[in-house]
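Asker: Here it is, the structure, as C-alpha cells.
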Amino acid sequence: MRMKQNHSLKNRVGGREREKHRRERDTSSGRHPHDPTRAGDKLQSRFHGDQECYYQDDLRVLSSLTKKEHMKGNETMLDFRTSKFVLRISRDSYQLLKRHLQEKQNNQIWNIVQEHLYIDIFDGMPRSKQQIDAMVGSLAGEAKREANKSKVFFGLLKEPEIEVPLDDEDEEGENEEGKPKKKKPKKDSIGSKSKKQDPNAPPQNRIPLPELKDSDKLDKIMNMKETTKRVRLGPDCLPSICFYTFLNAYQGLTAVDVTDDSSLIAGGFADSTVRVWSVTPKKLRSVKQAADLSLIDKESDDVLERIMDEKTASELKILYGHSGPVYGASFSPDRNYLLSSSEDGTVRLWSLQTFTCLVGYKGHNYPVWDTQFSPYGYYFVSGGHDRVARLWATDHYQPLRIFAGHLADVNCTRFHPNSNYVATGSADRTVRLWDVLNGNCVRIFTGHKGPIHSLTFSPNGRFLATGATDGRVLLWDIGHGLMVGELKGHTDTVCSLRFSRDGEILASGSMDNTVRLWDAVKAFEDLETDDFTTATGHINLPENSQELLLGTYMTKSTPVVHLHFTRRNLVLAAGAYSPQ
C-alpha cells in the first residue's frame, strides 16, 4: 500500500515538473499556457490544405497572429470581423445545407454561418463548378447581387459640334473624286461623335465639366482629321506595334504614360524623378523668363510660338520634387499638365510649359499607387495604400470625393469615357465602379484570384477589361454588372490593357514580356441580346479563350509596363529592359 502511494506521489511530482516545463516553454515562446492560439494552430494545420490557393496569402497573415494584441492592429483581421463573407448560393442548395446542419444538430456551426457569412440566395438552377470558380476569389467572397443592381449611365456624352475646315489636301481629294467630306463615312464607327444623344448617356450637365478652349477645339479638329486616316483593325488586319524600350534604366522604371496625340512620353522612376521625352522631331521648350515675356507683342498671331525659349529646347526634361519612387503618371488631355503620384504620399501637378511643379496634393497618408486625369481634364483620381481612392480637381487643395470601401490597397484607377464614373482595382481582388456625382459604389466585380493591376474601358463605355497578378484578363458588362469573358494566356501579372480606338481589339501587356492582341468584337458580339441570366448573376463563359487570341508578341527581356493606341491605331508599348 505504501509502495502504491509512493508511486502515485512520484507521478504527481513528475506531472507537476512536466507542467512547469511546459509553462516555461510556453512563456518563453510568448504564449500563455491557457492561450487559445494552440487550438488555432491545430485548426490551421488541420484545414489549411482544404482552402483554395488564392486564399493562401490571407491564411499566412492570419497564421502570424498569435496574440490578442496582434489582432488589434491587423487590417485583415479587422476586415473579417467587420464585414461578412459573401456566399452566393441557390435556394435548393441553401435548404439542403440548413437541413443537414439541423439533422446533425450542429447548432454551433449554424450560428457561425449566420454570424459571419452573408448568404446571397438566388432562385433557379444551382451553378456549375466552372461558373462558381469564375466568380470567386476576392477577400470578402462574391459581390452581393444587390450591389450591381443600381442604374449606371454608361453611354457617351454628346460631342460638341465643331466645323472642320477642309485643308488643301482634302479639297484636292474632293475635286478629283467628286465625293463629299472625307470624314463623313467614318463618323458612325467612331461612336462618340454621333449627333444623336446616346439613350444610356448621363445628362450632359450631370457633373460640371470644363468648357472647351479654342486650343481644345483645334485639337479635336486635328483628331478628326487623323481619324479619317485610321486603320480599321480586325482579325485580318492587326496593328503594328512600336516598342519603346527604356535601356540602362538603373533608376528603376515604375510608371509610364503617353499623350493622346502620341507626341510625349513620361516615365516615373524609383529614384523619385519624372522624365518627359518628346517622341517627335519637335523639341521640348520652356516659356521665356518674365522679363523677356514683357517685350513680346501679345497681339501677334504667333504669340504662342514667340513665348517659347529656343535656348531651352531638348528631347528630355527631368522633373524633380518627389521624395520617393513615382508609381503613377498621367498627361492632361490638352498636354499642358502632367500628374505624378509617389511613395511619398503626394500627387504632384507639373506644368509642361515651364517644366516645374505647380501643386502638391496631400491627402493620402501612404504611398499613392496610381493617378489619372479625366478624359475632359480638370478632374483627376488617385488611389493608394490607404485603401481609398480620391477624386480631385486641379484648382482644389482638398479632394472633392473620397471613395472608401476596398479592403486592401487601391492599385489602379481609371475614368469612364463619359467622366461620370471611376473604376478602381484593388489588392482585395475586386474591381469597383464609383459614381463621381455622389461618391457611391455602383458596381463590385469579383472573379480575379490576385491583386488587380490594370483597367481599361471600351471606347463605347459599355465594357470594362481588368488584369491581375493571376495572369487572367476579365471582361465585364457594366450595364448588367456581369462578367462576360475570361482571356487566359499570360503567365504573369497583366500590367497594362488598352482597347483600339474603335474598340475592335484589346491589347494586353504583361510581366511575362509579351503583348497579346485579342478579338474584342468576337468577345462581345453574342452579348447584344438581353438574355442575361441577371437573376442568378452569372452567364456561361466560353470554354476556350484561345479562339479570341489574335497574336502574341515577345520582347527580348522587357516587361510591358504601358500600352497605347495612336489616333491611327498603331500600338505603342513601353517597358524597361531587364538583363537576365
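Including glycine, each Cβ sits where the backbone N, Cα and C put it.
So TrEMBL lists the following for this protein:
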type	residues	note
COMPBIAS	1-10	compositional bias 'Basic residues'
REGION	1-46	region 'Disordered'
COMPBIAS	14-46	compositional bias 'Basic and acidic residues'
DOMAIN	39-117	domain 'TFIID subunit TAF5 NTD2'
COMPBIAS	164-175	compositional bias 'Acidic residues'
REGION	164-217	region 'Disordered'
COMPBIAS	187-198	compositional bias 'Basic and acidic residues'
REPEAT	246-287	repeat 'WD'
REPEAT	319-354	repeat 'WD'
REPEAT	361-392	repeat 'WD'
REPEAT	403-444	repeat 'WD'
REPEAT	445-478	repeat 'WD'
REPEAT	487-519	repeat 'WD'
Asker: If we skip the immediate neighbours and take only residues 6+ beyond the ends of the repeat 'WD' (361-392), which ones have a Cβ under 8 Å from one of its Cβ atoms?
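Answerer: Residues 209-210, 324, 327-334, 337, 339-349, 398-404, 406-415, 417, 419, 422, 424, 426, 434, 436, 439 contact the repeat 'WD' (361-392) from elsewhere in the chain.
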Asker: Can you tell me which parts of the same chain pack against the repeat 'WD' (319-354), counting only residues 6+ beyond its ends and a CB-CB cutoff under 8 A?
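Answerer: Hits for the repeat 'WD' (319-354): 213, 215-216, 219, 252, 254-261, 263-264, 266-276, 284, 286-287, 360-362, 364-373, 375-377, 380, 382, 384, 392, 394.
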Asker: State the non-local partners of the repeat 'WD' (403-444) in its own chain: residues 6+ outside its ends, Cβ under 8 Å from one of its Cβ atoms.
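Answerer: Apart from its flanks, the repeat 'WD' (403-444) reaches 54, 75, 79, 83, 137-140, 143-144, 147-148, 150, 152-157, 192, 201-202, 206-207, 209, 369-376, 379, 381-385, 387-391, 450-457, 459-461, 464, 466, 468, 476, 478, 481.
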Asker: For the repeat 'WD' (246-287), find every same-chain residue at least 6 residues outside the stretch whose CB is under 8 Å from a CB in it, and list them.
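Answerer: Non-local partners: 219, 222-223, 293, 307-310, 312-331, 333, 335, 338, 340, 342, 344, 350, 352-355, 561-562, 564, 566-567, 570, 572, 574-577.
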Asker: Limited to the repeat 'WD' (361-392), I'd like the whole-number average of pLDDT.
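Answerer: Reported value for the repeat 'WD' (361-392) is a mean pLDDT of 96.
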Asker: What does DSSP give as the helix, strand and coil breakdown of the repeat 'WD' (361-392)?
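Answerer: Secondary-structure composition of the repeat 'WD' (361-392): 0 helix, 19 strand, 13 coil.
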